[in-house]
Amino acid sequence: MKGIGVSPGISIGRAYVVASHTMARTGIVLTSDQAVQEEVVLFHQAVEASIHEVKAIIANVNSAIPEEGLAILEMQVELLDDPQLATDVTTKIGRDRKSAHDAVVEAIQEAVQLLKNTDDDYFRARAADVQDIGQRILQHIDGPGNAGPRTFDAGTILIAEDLSPSDTILIDTSRIRGFATNAGGKTSHTAIIALSRGIPAVVGCGDDLAGIANNDLILLDGETGLILVNPSQDQVDEYQQKNAAFTEKQRLLQSLKNIPATTTDGITIRLMANIGREEDMAPALEHGAEGVGLLRTELLFLGKDAFPTEDEQFEYYKWIALLSKNKPVTIRTLDIGGDKQLPYFPLPEEQNPVLGYRAIRIGLDQKDILRTQLRAILRASAFGRLRILLPMISGVQEVRAVKEILAAEKKEVTGFDPHIPLGIMIEIPSAAIMADLLAKEVDFFSIGTNDLCQYTLAVDRMNERVKGLYDPYNPAVLRLISYTIGQAHAHNIGVCLCGELASDPLATLLLAGMGLEEFSMNAGSIPLIKNIILHSSRSEAVAVFKKVMTMDNSRDIVHYLEEVNR
């Protein structure tokens, strides 16, 4: 059988099939008022335990979990704390004499169906979140025996419908040799987790996985997407040889960590890491990162009961700066809104939240939040080479408004880097189109290809119905990236690309040919991208770029890049 290979490597191990999430009813009818009261208490205890559990997960999470995953966990806290859910469940227990288990099942199923029947894609997508919290509550109502194992025998190949963010965080991946899922694609949560942790994975297998049973011997190729069930000894021998070659290649790549990423004709390209916590700095440097191209500050704000104080933020940024060993660190200001919400900062419901009140728009409206963060970053800049990055910029006026605030804060703070660079994310088409004007206002650009692609193509990459249209190799997206890089060079400012495209080896020569001289990515991808750069010339990269710019569709572009990279 075959799926989509999303994390390279070959694994052989025994299957563990994760049961699909089902919500069966017990049919128990309560016969006394005391039983009703006990079930109500049991429900409330299960909700409190669930909230505590999710907050603990958030507090211990690292940047291997993408922002989308963290947003879902934060949303779970809000949903668990929803008074409407409590009313619905306790009514079913008291009025209908249902057990806590059956009342939760019924309330969750009703809510899921209601969301699925709406015409709004955003609310339809929330059905999965509601289903997830229902499962979590039931695990606490029914006891740990229903929760499913979180640790596995060494050498397990995990087979599942899909893995939610909380599933993946709780799994002891040190004992997992591979993942295979029915659902998902290259940008799915499972794919990103597997790649970041170096675990071979195949996703999007569809119903083919239904024939796999526990303890079947599985051979999984995370590069080609091939899965063999109970392979012959000859097949095992063949793939073990391939795996040995792959392991040796990885060892050689890791040996490059202290070598600059310089092309054969002498052009040096900086390879940076995207991180989310201080714990990620050491692994980033170990993989050869020349600094941090993106520090997501949302993790500092998640899992708390209130906004972190200026001193708390200062200590955090200071520690990051010290850990960087005087390498540059780009700190993105708070990027919340849409699906990324804080439980202590409720935001109004919006018809199109990803296009609404979020990121720098919140900062400029709630200026105390932005001022506090800017002051903390300024103070920490005395301890390292920090840079400030503004998310979700759509035009010049927003940049000027932030610069005015920053200038005022500089007058109040002492002992900071007076030349701390200020940059903006280019992730909205309007910003890319007016890159020539924005370049006059800032010290550097950081191109966020994930959102730039989403907004340019009007595609919600989390929506299963249309995610196939999400395509960073679409000529429109590539032209915006190329124009942005060109305008950065024309105005003598820096430019970095920090989206998923930076870690895609297919894109390396293309981006280098555009003139990109700073890539920021998951640290584990740095050795592979460096190896491509070391064995290529700028002139070769420019030729690839010019050829791609003559093409009118992504299928031809990807096919050409695959040929070039063979």
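Positions of Cβ are set from backbone N, Cα and C atoms, glycine also.
Note that TrEMBL annotation is computational and uncurated.
For H189, the entry in TrEMBL reads active site, tele-phosphohistidine intermediate.
DSSP classifies C498 (active site, proton donor) as coil under the three-state reduction. Taking the Cβ of C498 (active site, proton donor) as reference, residues of its chain lying under 8 Å away and at least six apart in sequence are, in sequence order, M272, N274, G293, L294, S446, I447, G448, S520, M521. Taken from TrEMBL, the feature active site, proton donor covers C498.
Here the Cβ of R332 (phosphoenolpyruvate binding site) has 23 other Cβ atoms within 10 Å, regardless of which shown protein chain they belong to. R332 (phosphoenolpyruvate binding site) falls within a strand segment according to DSSP. Annotated phosphoenolpyruvate binding site per TrEMBL: R296, R332, N450, D451, R461, in sequence order.
TrEMBL lists E427, D451 with the feature Mg(2+) binding site. According to DSSP, E427 (Mg(2+) binding site) sits in a coil region rather than a helix or strand.
Annotated domain 'Phosphotransferase system enzyme I N-terminal' per TrEMBL: 2-126, in sequence order.
According to TrEMBL, the domain 'PEP-utilising enzyme mobile' annotation covers 153-225. Averaged over the domain 'PEP-utilising enzyme mobile' (153-225), the predicted model reaches a pLDDT of 82.
According to TrEMBL, the domain 'PEP-utilising enzyme C-terminal' annotation covers 253-535.
The sparsest Cβ neighbourhood within 10 Å, among the listed binding-site residues (E427, D451), is found at D451. In this structure, the C-alpha atom of R296 (phosphoenolpyruvate binding site) lies 15 angstrom from that of E427 (Mg(2+) binding site). For N450 (phosphoenolpyruvate binding site), the number of other Cβ atoms no farther than 10 Å from its own Cβ, over all displayed protein chains, is 19. Secondary structure of the domain 'PEP-utilising enzyme mobile' (153-225) per DSSP (helix as H, G, I; strand as E, B; remaining residues coil): 23 helix, 19 strand, 31 coil.
Here the CA atom of E427 (Mg(2+) binding site) lies 8 Å from the CA atom of N450 (phosphoenolpyruvate binding site). R296 (phosphoenolpyruvate binding site) is surrounded by 20 other CB atoms, counting those within 10 A of its CB over all protein chains shown.
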